[in-house]
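J.: Let me begin by handing over the structure; questions about it come next.
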């Protein structure tokens, strides 16, 4: 139950002043709350008989909006002052805070972030309904079990006019002509939102009441807490309630607990336990004890210990109230008379009258205490609220950019709209091809991803050379036996050399095609993601672009694969320029001789094919040639295969995708079909625009708030 007061004219209590109504200043400082001694707050005397131009407590003449936390029940004396001065102080200090939050709530900002509020929670039969009734002056639905099943935002406005009401939920707005309609309409709204069972819902019901007989305030009533789920009630109903509002840091929790339960063990106080879960330090929880008239004799001191914060500690302390009981309601006891009886009860009670002296008892003092707490809480929350609004506004703006502008209705405008869409898409494809796209910190550019695949190709080529070396003796011996003719020992059989070269080059075809496949998948997925980024909200256009990307990819893949296979067919020719091969051969032979400790220092040893090879077997000589040729071939393939892949799968692929996109513009009859949006895109765009509008209005409201600016 969120509570906020506005300046009103109420009838004042005829009872003379007593020592039980001490003076109190209202402070709003962000310092830890004082010790939970009695804080006295003047009651908004709306349930009384004689005419008075304002219910405002006298202490409002000393209002101070410095953001200091109010003391947790520190007893003070009331001050007196002219009523017009009280009203002016209220207008200047209190009302702007309440009106600010009400205006944000009216804008619907609570859909986007939590607003400062006071929530009332309580177990079944805790007296929560009676407390709400006494605070608001409006009778809400009553009964056994959970009666409040949806949060109820109750905005009461005092005005000298006939009683009027309005209830709003979802897309339903119902005007009310009589107070007797309120209960039935609330029940009806709850059934529509939460079903006819006992389930609860987080959806808000808004009830506005305008009447000369109600206080100016705002309430948010939360569902009550049950210990065991009944009938078709969900088993996690307690968690559902906790998830509604009370876990928000912006909410002050007002926990209603009967005096006749064991608070020390919390055995029968689920509401208090739940509040402790979401607020373990008790920084934003106030305890409200009810039904003090039902306390058994001899247990009064236990209640006093609770009120003194000695049993279950809350930083904001406790207050105690006595509301109308069922018999009082049956006897149609007025709220004004109930207030007088409550005051008389505490004044005459041998144990509890000290609580009245300390300002911890009666409903009017509770109402003032809540006003104090809420105003302080609002001022404390404003800086955080401003930051949250800025962040959510920025995120909503960025999200809206993804959905783009509204589709124009004019056919000519649709052409320009589509041209712009395709232009931006083609620009992004161009950046991908050139390696100039913008990427996140943890991502890599497309060209770099492909280059990483090319690095693995180098490892494959190196591994192939090492494989030839490792099986050289076995392979050459096998081919020597098969192909050697009349050559003398030491002469190289070219057929043996050529056969080994062709065999091991042939083993590189599959790895090259696999590298092509991986590179193709990387490019294809990147192009698809880019298309989704630009066209996801246009189902037909998106599918058309995806199909074109797929078709072009398939054709480019086939061309690249054919060219790679052609490259390896040409490699079977076993060719290398003499000048290049001679240099490589000398280098390999030199390395082998050095490793064998037989390197020659004579100038002739450096001339190709002129060395005395009589002491070298044909196997060693073929090994020299194989190493030399594979080294040169690997250099050629290390660049040539990546060249083919880059050209067909990146450069030419991207160019063809860009041209295919431009061809879409030639089919003018299909513009409307191509620009047909997803079913929920327009809804999402509208939702985001409304959200941005709400948050913009909220920013303006905060900027214009005088205390926030000052």
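Cβ coordinates come from backbone N, Cα and C, glycine included.
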J.: Pick from 318-321, 322-325, 326-329, 330-333: which stretch is listed in Swiss-Prot under region 'G5 motif'?
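T.: That would be 322-325, the stretch labelled region 'G5 motif' in Swiss-Prot.
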J.: Any idea which of 217-220, 221-224, 225-228, 229-232 is down as region 'G3 motif' in Swiss-Prot?
T.: 221-224
J.: Any idea which of 122-129, 130-137, 138-145, 154-161 is down as region 'G1 motif' in Swiss-Prot?
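T.: Among 122-129, 130-137, 138-145, 154-161, the range Swiss-Prot annotates as region 'G1 motif' is 122-129.
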J.: Just to verify: the residue among 122, 292 with the fewest other Cβ atoms within 10 Å, which of the binding-site residues is it?
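T.: Minimum Cβ neighbour count within 10 Å, taken over the binding-site residues 122, 292, occurs at 292.
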J.: As a test of the contact definition, list every same-chain residue at least 6 positions from residue 125 (GTP binding site) whose Cβ is closer than 8 Å to its Cβ.
T.: 258
J.: Count the other Cβ atoms sitting within 10 Å of the Cβ of residue 222 (GTP binding site), across every protein chain shown.
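T.: Neighbour count, Cβ to Cβ under the 10 Å cut-off: 26.
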